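Going by Swiss-Prot, these are the annotated features:
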ACT_SITE  Glu254  active site
BINDING   Gln11, Glu71, Gly144, Thr145, Thr179, Asn206, Asn228  GTP binding site
MOD_RES   Lys40  N6-acetyllysine
REGION    432-453  region 'Disordered'
SITE      Tyr453  site 'Involved in polymerization'
Amino acid sequence: MRECISIHIGQAGIQTGNACWELYCLEHGIQPDGQMPSDKTIGGGDDAFNTFFSETGAGKHVPRAVYVDLEPTVCDEVRTGTYRQLYHPEQIISGKEDAANNYARGHYTIGKEIVDLVLDRIRKLADNCTGLQGFLVFHATGGGTGSGLGSLLLERLSVDYGRKSKLSFAITPAPQVATAVVEPYNSVLSTHALLEHTDCTFCLDNEALYDVCRRNLDIERPTYTNLNRLVAQVISSLTASLRFDGALNVDVTEFQTNLVPYPRIHFMLTSYAPIISAEKAYHEQLSVAEITNSVFEPAGMMTNCDPRHGKYMACCLMYRGDVVPKDVNAAVATIKTKRTIQFVDWCPTGFKCGINYQPPTVVPGGDLARVQRAVCMVANTTAIAEALSRIDHKFDLMYAKRAFVHWYVGEGMEEGEFSEAREDLAALEKDYEEVGAETAEGEGEEEDFGEEY
């Protein structure tokens, strides 16, 4: 089995986690108490969904997940929510005091106290796996817990489970919408850790998600529930190939192999189609070609950056539902002829496709329409550097005046860490620039060598 353990850190991680597990349960027909009426064989360990759920002797399905927060309110919502019976009580770990939007508190003072307990729980989950494939980490980079404790956990996971892949789903700060003044600090510090300790990071930002909700679903004032359900659809599409058997299945490690050309360049842009309300879907024929076109629309991106300003290095298309390879090939061929979608010149083909025959599921009473087929795109594009440089710029403005720095230093952090993290991100911006640069001048140099021999 290729089990995956999900780790949900801080408010953002836990709330997106709730939406994801709600959707997984609906997709697999698992009830909120963990029972699965359709599954007659108790202890049948070969079912594909066992990558995400473990089955107890009593036939109860328990998510392979850990919820961690440094303060209890969000965890208590899980403990009292609809799915309270789904989780093992030990899988939900909460501290007493908050990280207060401070990376240093999440990483050094308060996070330190809880991290061993969390790793112990993760170890228990890992021991239950026959072939652990990796970790999915859900967090926000702008808060205190998601950034600080998130980085600390990733560092420790690298030590304990070096070879296992770690994918992170990070809610990154948006250009206009901010929940904290110190977001740029937390974000730069945690991105510094993500660079080193994750194999692949999927960037999502709230502003882009708000826009998608407003534009495509006509929700005037989207709530976090609306956003999280959207995120859950994306994550469900990415993980569908692990949880169902399909025609062209894509493994977690396969993502990395196909999307990450250089270890540092692993920040992904995602989009999903069709994002459409029930009233509209009734009147539209959403063919494979149409949904494939719409995932490349800049307006549908889940991160605020414009892919037309960058070049694609690699692109994964995960289809689900009523889709056949022939249609996919035709749709991709059409995309390739479009001049708007530019690939770097050293990566001519650049598309990886996966098909899963399980149709997309929607939450009853949710915003999305039930459709026959859907596609999720994950792209590695140089345009994501836009989002990085935006955060860096905000960081520079505050750091030049050393504003708010005393809160971090007071929690036992050294000022040097700020500049170290910032330099690392400056190097990353440079890396993206070089990757997207034309390689034409390189050809001239090779010819010179030819004359020497």
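Keep in mind that glycine also has a Cβ here, set from the backbone N, Cα and C atoms.
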Taking all protein chains shown into account, the Cβ-based neighbour count within 10 Å for Glu254 (active site) is 14
Which residues in the same chain, at least 6 apart in sequence, have a Cβ under 8 Å from the Cβ of Asn206 (GTP binding site)? Ile171, Ala174, Val177, Leu227
Validating a neighbour-count step here. Other CB atoms within 10 A of the CB of Thr145 (GTP binding site): how many? 34
Residue among binding-site residues Gln11, Thr179, Asn228 with least C-beta crowding, 10 angstrom cut-off: Thr179
Enter the number of other CB atoms within 10 angstroms of the CB of Gly144 (GTP binding site). 30
